């Protein structure tokens, strides 16, 4: 969602603010702006669209202040215009905001009755005028912000600077993340560690309800009750190289090609190569023998990783698994048995719905495990157990390497569960671990299909609709493939269990419809072939992703057959994810879309 940065510096900060905002581009945005203290007065520069437009504004009208805040906006209230872009400001105060103010209507009506004139369509302007009104009434900045925060309902991260005070910045968090960066005679505020990477290696994360008063030499943190508190200082290593595309055209391409390496790193964290056994990086605070049911909760691509894991837990450990979309789970008051297990999957570790679901599960007394890519994130900090993925920062909005690393973690956890429950023998475990050890090499092999897929993408780019089909663990991958294609190419796509074809989707099949069939040769392959025959009979254009045996046994002519390496049937989603991602990527490139920052999407969804 929106990105926030603030700097109390010793040199002019406008250029630093923009550089930091570039590191937050992955979150998604449609406008951007900065505000600095010029002498005793606040000055803003804002622009619609990409940061290069803001840079042009700053070239034409430079800012020289050493105190400033910056923002990338992802529109929620109000259209993506310059007028609605942050920072918002009066003569006395400037503010940046990530989140949603839920009681903005009643606060706006109250302020308008008192004579306040609003100039934007945003809920953020309510915060601005609340603080400005309190300043007008004689309150000092710290007291004004404290009183204003008490009036707000919703999810928000806020940053404030004030006219006439070059050594003051205030931040507040209620939901979306906000970090403090500690420098030498300088202090920083940012949405995450990546934003602050060029400036400092020492940060603290505010907790929900916290607010902080920053000067160049101090950070005074208060909790929601107004008590001064200490928050742990964390060392991080978010260097500038982390957001470099190297020789790739897009971050997404780079991240697809990084998968053999990062999945290998994740594998090495979870498997003892010497003994060929699963070796989790943490001791679980529960015994799988006592678990009767697992609930897996996530959003988007992460939920499809959870869906794949459902098959693994049920097969390896004979444990029933329920997979929930977090935005539904958090409100349906699902009955959870105390002592059972809930797994929460999130790349950022800040997904608002997943975090709310986690808090519900904790209140119900179940064990909680977080599978996250950011071990210092809120979901990680609030979970009983953290199982990190080692994907490294993922900048492209459409998840690729985080997804496959999540699968690697979940596969190991499912094997550990099966072993603990006596459902897997030592021999079974060794066989499965052998299959996992082969995954990085097989992913490298899968990348060799890229030229074939690039040609295929020209055909897909002509289509209005695309259907993805799969059975077993290939069904969630079909859902993921459809999501990837529509996310970045804007072509409508749907994923279905192949057996559901005749229960509705078959009505869509005609000569213009590409149908991507994900079908490694396994015990349900023949069933999938029968579905392919149904597609062929109606003129559909079949794109088959299978192995050599499947290509040989398929009795239906395909437009294209993408032959994948032979591998352990249980873990095909990790390897078949590669051509699925490449197909979406190259189709989007042909369509000319913004691959890394597709329209209307945000990387880290920190509000509902």
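Residue numbering: from 1, along the chain as shown.
The backbone N, Cα and C atoms fix where each Cβ goes, glycine too.
Straight from Swiss-Prot, the features:
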| type | residues | note |
| --- | --- | --- |
| ACT_SITE | 2 | active site, nucleophile |
| ACT_SITE | 603 | active site, for Fru-6P isomerization activity |
| DOMAIN | 2-217 | domain 'Glutamine amidotransferase type-2' |
| DOMAIN | 284-423 | domain 'SIS 1' |
| DOMAIN | 456-598 | domain 'SIS 2' |
| remark: When pLDDT is averaged across the domain 'SIS 2' (456-598), the result is 95
| Counts of helix, strand and coil residues, the domain 'SIS 2' (456-598), according to DSSP | 73 helix, 29 strand, 41 coil
| query | Near residue 2 (active site, nucleophile), which residues of its chain come within a Cβ-Cβ distance under 8 Å, counting only those 6 or more away in sequence? | reply | 27, 29, 71, 72, 73, 74, 86, 96, 97, 98, 99, 176, 191
| Secondary structure content of the domain 'SIS 1' (284-423), with strand meaning DSSP E or B | 64 helix, 26 strand, 50 coil
